[in-house]
Amino acid sequence: MVEWLNPFSSEGQDTVREKGDLDNVFTRNNDLINIVAHSDHQNLSDDTLIPDSYGNLALKRIQWYIERKNNKDFKISDFAYLLNEEIAEADVISFHLLCQAIAIKFNLKSRESRLFIESQGKLIEDRLMKMMPQNRKEIVDKVLSQLILDDNFSWLYLKDLIASKKLSLEDLVIDNGEIIINREDFVAKFGDEFKDRAPDRMYDIIIGENIKELLLTSLIMQNTEDYIEKIKEMSSKVEIHPAISELGEKIATTITEISRKYSNYYGRIGEESLKIGNLQREAFPPCMAKTVEGVTSGGRNDAIVLMLTSFVSYARLFPGIFISGQEVKVSDIDPNLTITLNEILPIIYEAADNCSPPLFEDQPQERLNIISKLGFGMNTYPKLENEGETKWYTPMSCEKIKMHLPQLCRPDKLCKNVVNPLFYYSRRKWEMEREGKLKETQTDDTSDN
Ligand code: SF4
């Protein structure tokens, strides 16, 4: 039962040792099928809804989270087995398989790693919600005692959680650097402070079960991230089992396919649709047009690396980013990086060359920074295997440009109605389309999206 919430518990580790045979990751597992089929309210109308192996269960966990997050018509009954305690053993095995596959296939800061870590947190929340209050309280106390081994639980222990914003200091009660979680400690420390109210009652109001559950979920998420990092470090020294590599490939395909289902890379401003399309230089706002011609005054590096790189890449690949709010990576839209290599980078390099002095002449390392801002880490060229090492930097707002690169902002009439150069570009492109001035040229490798 504990392993259902804490896959790192000794119970969970024993299960993985005894039953987590890597040769059977995709072997049909009748016990698992039986548990799924007998889970309360499980939808059995379609065989594809039923995971038939530990590997498939791992993929279903990921699918569940993306669907739950994006699908307006999400049906809990399609995944009811994930909230059935009887699946605990299979679940903990699939969790550890996911950790390994994600560690060897993706970067720690990649969308895939984040999705998995978030999914683990959400799964714990949903499982807790389904429990009876007394049970819930007991198991939370038990799991927390496994996670917090030190009696003097200093807030410094949580510094990574706080730094990563998984937890806020404001959520905690801290006394002399020590975090107070238990009722007894709270009453002993602060009992005398409450004259008109029972300290017990105040504990329920100030701390209560919510904080403990939040702490539990955050600690498991942090431990998952640390565990993936550890596997990643070790993976260069050991031979990877083919089943783990296969699972890694399947995770990549699953996430890409489901994300595409909820992402057509379109957004709307009023009646305008913002589509992927060939880059139209004539639609660039004054700040970007000026940058492409070359920056001669100060701010040259920021103008090319920060401002132009993000603008050109999103204008070409995903102009609807701010409207859709989706998290995407370049290869979701440009799977072979053909557009990135043939259209996006050339215009950035052209602008860099037009600067005075040419950017790469005295600062060749800025090539790496440009690739990094596209999400491919500090590398000379964008390669799929490096994607996710850094984030795809989103375009700077007009406000930021005016503040940091005021010499490049020369607003025209259309600028009055925009807060980001990307909106200017989409608006102007739409106008050009209506005026029949849009050019249909260059590479277009997005047909399979
Ligand atoms: S107002 Fe915005 S879009 Fe227009 S030139 Fe200035 S920064 Fe560029």
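Including glycine, each Cβ sits where the backbone N, Cα and C put it.
With a 10 A radius on its CB, Cys409 ([4Fe-4S] cluster binding site) counts 16 other CB atoms from all the protein chains. As annotated by TrEMBL, [4Fe-4S] cluster binding site applies to Cys287, Cys398, Cys409, Cys415.
The feature domain 'DNA primase large subunit C-terminal' is assigned by TrEMBL to 278-407.
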Near-site residues: [4Fe-4S] cluster, ref Cys287, Cys398, Cys409, Cys415, CB cutoff 8 A to centroid: Pro285, Pro286, Ile401, Lys402, Leu408, Arg410, Pro411, Val418, Pro421, Tyr424
Candidate with the highest Cβ count within 10 Å, taken from the binding-site residues Cys287, Cys398, Cys415: Cys287
Assigned conformation of Cys415 ([4Fe-4S] cluster binding site) - DSSP reduced to three states: helix
Local confidence of the prediction over the domain 'DNA primase large subunit C-terminal' (278-407), expressed as mean pLDDT: 91
